[in-house]
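Student: Swiss-Prot lists these features:
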- 11-31: transmembrane segment (TRANSMEM)
- 35-55: transmembrane segment (TRANSMEM)
- 84-104: transmembrane segment (TRANSMEM)
- 107-127: transmembrane segment (TRANSMEM)
- 132-152: transmembrane segment (TRANSMEM)
- 162-182: transmembrane segment (TRANSMEM)
- 208-228: transmembrane segment (TRANSMEM)
- 229-249: transmembrane segment (TRANSMEM)
- 264-284: transmembrane segment (TRANSMEM)
Amino acid sequence: MIKQYLQVTKPGIIFGNLISVIGGFLLAAQGRIDYPLFLATLVGVSLVVASGCVFNNVIDRDIDKKMERTKNRVLVKGLISLKVTLVYASLLGIAGFALLYIAANPLAMWLAVMGFVVYVGVYSLYMKRHSVYGTLIGSLSGAAPPVIGYCAVSNQFDAGALILLLIFSLWQMPHSYAIAIFRFKDYQAANIPVLPVVKGISVAKNHITLYIVAFAVATLMLSLGGYAGYKYLIVAAAVSVWWLGMALSGYKNAIDDRVWARKLFVFSIVAITSLSVMMSVDSMAPAHEVLLTYLR
């Protein structure tokens, strides 16, 4: 039973989000780590993400039973009652929001609320089923965790937070479109209007390429804005160029789209993990803050 309650929270998604939270937190901390705050932020975000995933599982029950990848999920098979699941999801969310508010700051909590509402209320309940722009809207919720981590330390939504929001939102797009391509039949069977299904794989490839270019520009802004050092810059540039090269290889006539998309998806995880690690270890104070410190 415990295993089923864990599965419904989608542990893989929680873990992936924690990596980005750590990146945002340590970027803002600049080596001065408040460990109780760090732990509270990680636990708080984990609880909120878990809550969102459980609610998503409840909402997507009808869709999940039509998809090969999700047809054996806990709620599809009726292994946990709907009433208990809703209570479970609510308690997780309340605990997460409360922890962020008390142990971090109100801004971190409200950013978590924003991400939660977008994911559950806007994306899962409506956009995913009715609009090709669902992925775009959903990307905002996916970009919330690193911004929460950053703002838990800084207690302000500054240029650094905005750049993080851009980086992780833009990353979500090619990442999600790649999934939709190699899981094309699943999305088609469930009648989910993702771009590859609605507009075709060729159009999706064009969007993937453009979003990776935009992502590359956004990643460099952290260094150009003085938030991360040259080591991060080198890794960000290398990762972006490699990812773009992989995207461009998808235009070859002999390419197997499903194989190509899966490779692109796998590398997207490598890319965002690499950036999260590098912004953690190569953070620095923005130039204007260094100047103010010097003048004092």
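Cβ coordinates come from backbone N, Cα and C, glycine included.
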Student: Cβ pairs under 8 Å with the transmembrane segment (35-55): which stretch of 84-104, 107-127, 132-152, 162-182, 229-249 has the most?
Tutor: 84-104
Student: Sort out the residues at least 6 away from either end of the transmembrane segment (11-31), same chain, that have Cβ-Cβ distances under 8 Å to it, and list them.
Tutor: 38, 41-42, 45-46, 49-50, 53, 145-154, 160, 164, 168, 222, 227-228, 269, 272-273, 275-277, 279-281, 283-285
Student: Go through the chain and flag residues at least 6 beyond the ends of the transmembrane segment (107-127) whose CB is under 8 A from any CB in it; none is fine as an answer.
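Tutor: Non-local partners: 41, 44-45, 48, 51-52, 55-56, 59-60, 93, 96-97, 100-101, 133-134, 137-138, 140-145, 147-148, 151-152, 155-157.
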Student: Can you work out which residues elsewhere in the same chain, 6+ from the ends of the transmembrane segment (84-104), have a Cβ less than 8 Å from its Cβ atoms?
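Tutor: The answer is 5, 8-9, 36-37, 40-41, 43-52, 54-55, 57-58, 75, 112-113, 116, 148, 152.
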